[in-house]
Amino acid sequence: MSIKYVASSKLPTPWGVFTMHGFEDSDTGKEHVALTLGTLDANTPILGRIHSECLTGDALFSLRCDCGFQLQTAMQNIAEAGQGFILYLRQEGRGIGLLNKIRAYELQDQGANTVEANERLGFPADMRKYDMILPMMEKIGIKQVKLMTNNPRKVKAMKELGIEVVERIPLQVGKNRYNEGYLKTKSTELGHMMSEYHFTGEEKE
């Protein structure tokens with residue numbers, strides 16, 4: 001995999017002014033982004049998140065998943081901490097792409113869960129890869145992290161790449177009547193570390 005740094009710019013947000021760093025994967029043509037806030041010290045554990053692209057949740061405010069809620073909460077937590085990072089990876093639909101994600105949603109509308117839908121389309125439950133994060137982390141100068149995630153695969157990926165995960169911080173937000181089944185499947189079939197008793201915030205109607 002060949003990840004090339006392209007450019008950086010300021011990104012004003014409701015939670016503060018982040019710096020946006022652009023990267024290109026010359027093998028796939030995909031473009032990834034790292035957001036950083038504050039002064040980052042390689043010798044200090046930095047609060048952060050690996051976030052896979054979710055157009056429906058991040059930009060279209062879908063209640064079918066918890067992705068948009070997690071992204072916003074992560075950015076808010078980083079702003080409150082005064083420093084941190086988000087690696088925004090272009091792996092829509094756990095790696096199957098947007099149109100296949102819509103096809104999977106169609107199957108879910110007919111009763112399949114999120115894993116069954118992917119498998120009926122001929123895909124694994126989760127196709128995401130995380131090897132691109134190492135050059136991104138090296139560029140922004142982070143070696144130790146406090147990782148906001150419920151996904152043990154992300155913790156494992158960072159450790160295998162030589163990045164020290166000092167702490168895993170649960171990020172359980174956004175539960176509502178449209179995504180209860182999805183969240184249960186993520187916990188029971190994808191191994192995400194979640195408990196319904198730990199969700200925060202009001203349920204959406």
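Each Cβ is built from the backbone N, Cα and C atoms, and glycine gets one as well.
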Candidate from THR28, THR36, THR114 that Swiss-Prot assigns to the same GTP site as ARG49, ILE50, HIS51, SER52, GLU53, GLN70, GLU92, GLY93, ARG94, THR149, LYS154: THR114
Cα within 10 Å of GLU92 (GTP binding site) - qualifying recorded positions among CYS54, ASP126, ARG128: CYS54, ARG128
Minimum Cα separation from ARG49 (GTP binding site), reported as the residue among recorded positions CYS65, CYS67, ASP126, ARG128 that achieves it: CYS67
Distance from ASP126 (active site, proton acceptor) back to ARG94 (GTP binding site), taken between C-alpha atoms, in Å: 5
